[in-house]
Amino acid sequence: MPLRVHNTLTRKKEPFVPAQPKVVRIYTCGLTVYAPMHIGHARTYCFWDVFRRYLEYRGHHVLSVINYTDIDDRILQRANEREGAVDVAERNIAAFRRDCRSLHIKDYAVYTRATDFVDEQVDMIRRLIDRGHAYAASGEVFYEVETCASYGELSGRKVEDQEVGASGRVEEDFARKRSPADFTLWKPTEAGQPSWRTGQDAWPAGRPGWHIECSAMSTALLGDHFDVHGGGIDNMFPHHENEIAQSEPLCGRPWVRTWLHPEHLDLKEVKMSKSLGNVISVEELLARHGHDEARWFYVTHHYRSKLPFSWELVQQSAQGYARIKKLAAVLAEKLRGAEEPPLVAGTYASLRPEEERFPRMRHHYVHGRFKALTERFLARFIEAMDDDLNTPNAVAAFFDYVSALYSAGIEQCDDRASLLAVYRAIVRHLAVFGVEIAEPSLYPALVADYAVAPAQGAEGRGGDAAIDRLVALRQAARKARDFAKADALRDLLAEAGVVLEDTAQGPRWTLA
């Protein structure tokens, strides 16, 4: 059975068929970076990470793009005489990247900032005006919703049902609109605020509205038509509805093939929201639980169901996951003593280099004494995930697999090839959930694909001789005034997740 997903636009499950075979183009709405990410946001981005990982597991190549809205009323409100709007945005972008790394969310192919695509936004607005879908009024530009006959198809809302200012993002002068439902494409800025010149007499300078940013960035990077667009359920209306309205007059229908929207995380039956002040940071979550327990908790509920949060629920989830993690640890302990991990399948012939092979060809785990149990698990796991990414059913398949393995006497098994096959089956499919616990020596092909590679050597200052050596080489290059080499070594360390600090006592490093 092929993967089927619930398309918000059609309100039904549909076979997922990308426009280009085996290549999937995805655009995800990212944060408005006026504050750090909280665990409600994290649920959304962990879902998109699971979706991407499962597509890769099924043999697709994924081109994923995510944006930062780095100019917005709320960012401007946070800016003050000590910190400008750019500083607010960049500080929270850095925090977002740290939190994503801590949660083992794989890097996107492209991270975009709205302010890097202002020219593309101006061009889209100009063309919408030329085609009669938008109009300028006192330096501002509005999209005229009544010119879009299909408006409301995504959300199921009619134009007359739209609440004025539904996005809660802007203070608009409604007297300048032809209809209360019309939304802002461009707005003038106040003195001292970031502003861009447009070359247009009727709207000469200002900044873009929220909705036009994502339309311009996604089409600039993924083309006029692409496979998947989404964000959280909050984005569906008005943001995604407005994106469709302003994009399809220029790109044609359908602009996007599939829309997906994960639900809220609720704290005591109330949506977690920065505006409500009931947020828990990712840092707080990971102070109590490892990334693997956090990611496991997120997949215990289907993405289209609200996820109730309490520390007790996370603990209960972690206790269930501990049974799977324990078996993986037992198997790793049994296998760790081998000088060379045994093959779990015969060497297969391929004329193509490993990095170009079909992804699943690098993973062997259907082998050995427990082959039948593994085959049954794989069939159930794939069946669950192919059914609109039904992670709760895939979780159930995991629990049943582990129980069956214990019943089949895996603890007493001394066949190393069979043990390695099971170990790899467990950690390979945990990785689809973003749970990355494989040991490099036991599964190098998998660990090479991890979002965050396991730490090598002891933790703490001086715990990694390779890092110490690179730091020493950089210091020697600086003393020799070979600054190009020093900068190159610093960049190499940064790519490896090393945070380097130059102090009066010499360089110090920590792992990010």
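Every residue, even glycine, has its Cβ placed from backbone N, Cα and C.
It is 31-41, from the ranges 31-41, 449-459, 471-481, 493-503, that TrEMBL records as motif ''HIGH' region'. Annotated by TrEMBL as motif ''KMSKS' region', the relevant range among 271-275, 291-295, 336-340 is 271-275.
Shown are the binding-site residues CYS29, CYS214, HIS239, GLU243; of these, the residue with the fewest other Cβ atoms within 10 Å is HIS239.
Summed and averaged per residue, pLDDT over the motif ''KMSKS' region' (271-275) gives 71. Each residue in TRP210, HIS211, GLU213, SER215, HIS229, GLY231, ASN235, HIS240, ASN242 lies on the same chain as CYS29, CYS214, HIS239, GLU243 and has a C-beta within 8 Å of the C-beta centroid of that Zn(2+) site, without being one of the site residues.
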